[in-house]
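Data first, discussion second: the structure below is written as structure tokens.
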Amino acid sequence: MSSSHLYPPPEAAVKGAYVSGIEAYNKLCAEAEADYEGFWARHARDTVTWKKPFTKVLNESGAPFFKWFEDGTLNVSYNCLDRNVERGLGDKTAIIFEADDGKVTKVSYKQLLAQTSQLANALKARGIKKGDRVVIYMSMSVEGVVAMQACARIGATHSVVFGGFSAQSLRDRIEDAGAVAVITADEQLRGGKQLPLKAIVDEALALGGCDSIKNVIVYKRTGGNIAWTAGRDEWLHDVVAGQSTTCEPEWVEAEHPLFLLYTSGSTGKPKGVQHSTGGYLLHAALTTKWTFDLRPDDVFWCTADIGWVTGHTYIAYGPLALGGTEIVFEGVPTYPDAGRFWKMIQDHKVSIFYTAPTAIRSLIKAAEANAAVHPKSYDLKSLRILGSVGEPINPAAWEWYHQHVGGGRCPIVDTFWQTETGGHMITPLPGATTLVPGSCTLPFPGIMAAVVDETGKEVPWGQGGILVVKRPWPSMIRTIWGDPERFKKSYYPEDFKGKYYLAGDGAIRDEKTGYFTITGRIDDVLNVSGHRMGTMEIESALVAHTELVAEAAVVGRPDDTTGEAICAFVVLKRPRPTGDEAKRIAKELRDWVGKEIGPIAKPKDIRFGDNLPKTRSGKIMRRLLRSVAKGETITQDTSTLENPAILDQLSQSN
Ligand code: PRX
């Protein structure tokens, strides 16, 4: 929930901002309201360089499969690289890469363009072409960004899989996308540890169903021992050696799929969110410009991983499209100690810093325990704007971030958006919006967000409801790869008369200001440390342990550090275990889920029962399980339960 403190934009943030003052914000919103297509067309022409200019703006004839700028052609990599070199920014630093061990490498726009072109040529030489899908399973690296840009350059659609996902998850994504190649690294370095990547690719491909894969390209990061399949595997340094440093971009239609990114929904199977080229790039660039007010001298740092949408829009594309200088960080916030972020801000004179509430909360704990890693022990004067993303930020964490990291002078942009939205949807603009801790404030200009009831009718301010977007916007999800029906059902369901985009979150608007506060997901999706997890996905993983598990139900419960924690209720195929045996089996199941999905999906809490609380018709009562998980006394009516006694049993943790 939001607090009642108001923070008007400081004079220094208003002065010279791209959107300066609330009047400027209101004017943009009014322009979008008065001429929606004209508004987006104007910014699409000003922000993006088109090979062939578009003449059509929005095509709604196939709704909800909307098309934007459909007869225009462009190339994202041209917009992010060549365009900056042509503008005289060739020698400007595009990326400051800081490795896990602290080693720093700077890459200029000219160099980034050359590296991207070489890899693009190498991909082409292997027969990879426009429309092919390429899976990228990489750690945070310049090479990871280059791989994404190289795909964009030749019109191949990339699908980045977060390096923390398991072989099984990777296999499922490769198969669903029908990918022709994987770009990976031998290993990744995180927190001083060498973690496998190539070995997981090998395991994924050996699981079967990946016959479409012809090439595996491996970036040598650590030189660790890896297996090699001749004819399929090649080193990145070998494939680019001798390739030309120029490569004519493939000019693609605006609607051409730039990337797929798999995310969790309310059913078991992750969905391949498909994004466009033109509309996506426009929003990536425009939000980077207005929300972060990114200016030529800024040093921008988004701490997300390129495996998530935040790393796509605000590392691989947005800041580069504007010719910015950005940090790419390989490591973790707590290595070698929990002062790492603050030290890096100090060392690189970071001016815009964008991170997740979970990271802030864990760094607060560390700073309170040890003054040496408190932000006050570092010089953070270079900062001018702070950002938050991925989950609600609680007012206490907001205040700490504002005071101790931002020195009380830096506006915090609490950006609400989703994998599906491509970029910010509801967010303050730093030189315009009065901030309220815990509220993501107002829609980005041109985004028609609203809070409605079950029938799709707008509810009065002050009343909670369902968050929707009333009009299509350029960077929205185009479809779910290979499953257009699921796209329609998930985001434009019939009971909403297929009218509005359904975000899957609840929201409430402030009675006086109309500011939005996100109240959390209204479906079976959890948000753990800003990572999105489907409860059904975890349940499927648990019951896949056919030897042990008869039935499982997964719910979330609030957690001080991770926002939400995963709590699993499990019925075994053997008598309910207790004591050490329960601990041992809980560990086995946790590791099992880690192997099936990835370590991020491991339940924090596993409780065993002889059964699950069910209605007489056999439906699991998740509402009750949520209360049990929270440790609440059950006050709800349990008279419809088949087996009320089960609640006591499930209340006992291991
Ligand atoms: O529940 C909302 C939450 O994260 C969900 C989207 O997750 P994902 O697709 O993984 O994208 C995360 C990065 C954009 C949303 O449905 N969420 C995201 N940002 C916020 C948020 N909840 C509250 N406040 C936010 N600023």
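Cβ atoms are placed via backbone N, Cα and C, with glycine included.
The candidate list R486, R532 contains one residue that TrEMBL assigns to the ATP site with G390, E391, P392, D414, T415, F416, W417, Q418, T419, D505, R521, namely R532. A 10 Å cutoff on Cβ-Cβ distances gives V549 (Mg(2+) binding site) a total of 20 other Cβ atoms nearby, all chains included.
Ranking the binding-site residues R190, G192, T310, V543 by Cα distance from T415 (ATP binding site) puts T310 first.
Overall, the recorded CoA-binding residues R190, G191, G192, K193, T310, S529 cover a maximum inter-Cα distance of 24 Å. In this structure, none of the binding-site residues R190, G191, K193, H545, V549 sits close to ligand 1 with a C-beta under 6 angstroms from any of its atoms. A simple way to gauge crowding: the CB of G192 (CoA binding site) has 11 other CB atoms within 10 angstroms, across all the protein chains here.
Same-chain residues with CB within 8 A of the center of the V543, H545, V549 CB atoms, the Mg(2+) site residues themselves not counted, are A541, L542, A544, T546, L548, A550, A552, V570, L589, W592. When the neighbouring Cβ atoms lying within 10 Å are counted for each of the binding-site residues (K193, H545), the highest count belongs to H545.
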